[in-house]
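A.B. asks: Pasting the relevant annotations from TrEMBL:
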type	residues	note
DOMAIN	97-187	domain 'Pullulanase carbohydrate-binding module 41'
DOMAIN	203-313	domain 'Pullulanase N2'
DOMAIN	320-405	domain 'Glycoside hydrolase family 13 N-terminal'
DOMAIN	905-1074	domain 'Alpha-1,6-glucosidases pullulanase-type C-terminal'
């Protein structure tokens, strides 16, 4: 599991971790712990109509039944551990014998056993289940000794294959009957002939091409059933209630290669041919079921049908979608091939009231369209869609916003018809903004600062109170926050990454409804108090704050950041923000979340896409249930129209809002083909044709590989490894974890290169001295590779003295540390919005004797490792201000109190109370000790030192092109690491970057000022002297910027040319240069 946890990296997974639970699988399966969405256990099953009027008693099964219904292979914690507490607690109770009956259609019981625990006399071992005690006319049975009135927990299995798990309450019954492939438990013997075979609430068949279904149903004959009124049901006689029934023939050749390529997770499914007389385009509008029978005609199984494959083949579309404004008319188009009807509802107002006009839309090949007058501009609208919805097994009439909305009313209640080319929605000079964009000669010149829009100004008293927390705060030229950003831009920062600013669900856009913190009251509580978090969590779903990783309408700016969420105001204000940031000298990156959507199902204003084409936009598992590995409602970019919507949306933001780059949340859950197509479309934008220069747009994201898409299970996905060589960047979690220590999901005290591993251990046991020293040496190799852009082909002298390629250095789970093919592939970082801030994690990991001033220096060093690396450096806003969230590890919903930034530099927000208990409670004892100590609160001078540190590092980075090498070949040939091998000084990294001489063969000359640059990272708690023969007789000196640094300690760093010895103080990064004469 360590590999899976590492792969999550800085991912947004933690934002939704409160919505998942850990389930332990039996050791026979895995020692790993998987995160499984709660929603997997809570979906109600549609009852079979044939059972509604019977008098059979069926147990509810409680939690165990929900688990079994969701995923048969999951075993409860009790089953895994063989919980023996039951019998121990009931030793004096009388023992009674109960019976469990079990029926299988194939009558083969030889390999099936019963695993029991709970209030039983003898708990079974997993490898030694109870064998059947006998066979009767129903099937086999087991007799189990149970404490009288106790609860028997049981699981029927054959080796690794699990069939059934439940809890038997012996106070209510002494016998139960279980039927294979049927999910209820009977307390009276059932009539096997009347039990429904199959379930239409699941969709275990996929219609993959016009003439082909794929399924795993057993049986000899197969039938496709359809009903436009959704009256299909399963009885003991099979599927009934349909208006059409077609027999499908199995193709013994199996699924074609092109189908398996598109849907690799169904390789091995049966291929069932649809007869040519089938009217597929009408059938997809119906409730569908696939049933099977044996050779004698007896029903075997039945299931619903997934449609994305056939929809892609028959209805893929590249024409206009959404509301389009032309000279004299407005046109609306919505893709809804499974809809039975679509009507347009037009409204004068953003909410309330009835539509002033209801118009029937016309369908053409799955596209429903309508044309109207230009007077519709400024009007609000919804689509009324009549469509079969698999989540309810009914034809639903839903009201939905437009998936291609370009405007909205507050809280996305209605879509808005808006003309984005209207001059009233453009700030002065908007059309010429492309000519004002900050210069960007190469993507390797990029450096990124990640910032939340509300954090930027919510606590900044130099911003007009009415504009705090809004887009327009960035237009306040004299505010403290704007001055801070402008200073960073002047130092060399190139891009400002804004956390999600599309329409998201978690904040009420109507400001009068907000419940806000009383800061004056909160300041009265102790620095380690529980009171602050209690106040914040009591209003956290009703306040103004959230990170916003819960998208609803991708194409519209979020309304809570606007001064008016109704109408087109948000469009104008977003443009003003982009323009203002560009004029500060920074390009704008939009954080996009295309891997999931907030809503699903046919109801609620936060559901859009799944109302219109149910079961298409969201990725489904083999049972037809929505995958939730990203958090909730995973999207399926492998489907044509989902891919198209994502790419269209990116183009929309680039052209209509002049966004300069995109960061992809959980990018590994998108297909690589989607990422490459997005890159191609965006890079193809031109100043003449589109008003923007697409060749300057950079894409990067979280390339973690986990969930249902892991290892290309749904197609080649956008992971670190798969995107290597594409020029699309991915976050380097190896760099983060080794510098700081541990992982975001491990113990927060686990140490790394900078935080004292081996050199100054804390109280956490991390092995003996030898093992800690070995660990430090190993992770130093990882960091060296990260500094060399984590190139797979970079040859490094390892800590053992061996020459190894980056791809030959492996993580603890056997994955190559290096995955990049070039510097554009890599985004190096040590902190981001996820997890603790850099300052906070340093506070938690360093030993108690480390002083605050030393911890601040560690913060500076972490920033320097990012700033002086090859590839793209990425900084979390506030890293340069010792930013604290009072140790909160997941502040996505922790309000302004824990997330605020102080651009006056008076405070860093440390010690403002214990962070919210839900995510941090297990670490409160450690946190209380740290937060209560006033010596841990930085002074203004210490904060200012951090501010100056980042500016100096950016100036150093941009003082020479040698820190921004553009090719993998340059990195391989110019960068050399010293102090390597077994004799290397632990905790010290020395690397040099060579330049060539003009006119000489070999290395080209890149830098007019410097012939050579040497960087020394001394993470040791003491000063270091390192003699490197390679540098003897060279005229090296401290970098001019460090010679005049605010940091007095770095100034005492020296180089002795006669011996080639560098002297660098404790916890200091020193840069030396050989100047050209």
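Glycine too: its Cβ is placed from the backbone N, Cα and C atoms.
Set these features in their place in the structure for me.
C.D. replies: Mean pLDDT for the domain 'Pullulanase carbohydrate-binding module 41' (97-187) in the predicted structure: 94.
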A.B. asks: DSSP says what for the domain 'Glycoside hydrolase family 13 N-terminal' (320-405): how many helix, strand, coil residues?
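C.D. replies: Per-class counts: 3 helix, 51 strand, 32 coil.
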A.B. asks: Taking DSSP states H, G and I as helix and E and B as strand, how many residues of the domain 'Pullulanase N2' (203-313) are helix, strand and coil?
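C.D. replies: Counting residues by DSSP class gives 19 helix, 49 strand, 43 coil.
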A.B. asks: Sort the residues of the domain 'Pullulanase carbohydrate-binding module 41' (97-187) into helix, strand and coil with DSSP and give the three counts.
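C.D. replies: Helix, strand and coil residues of the domain 'Pullulanase carbohydrate-binding module 41' (97-187) number 0 helix, 51 strand, 40 coil.
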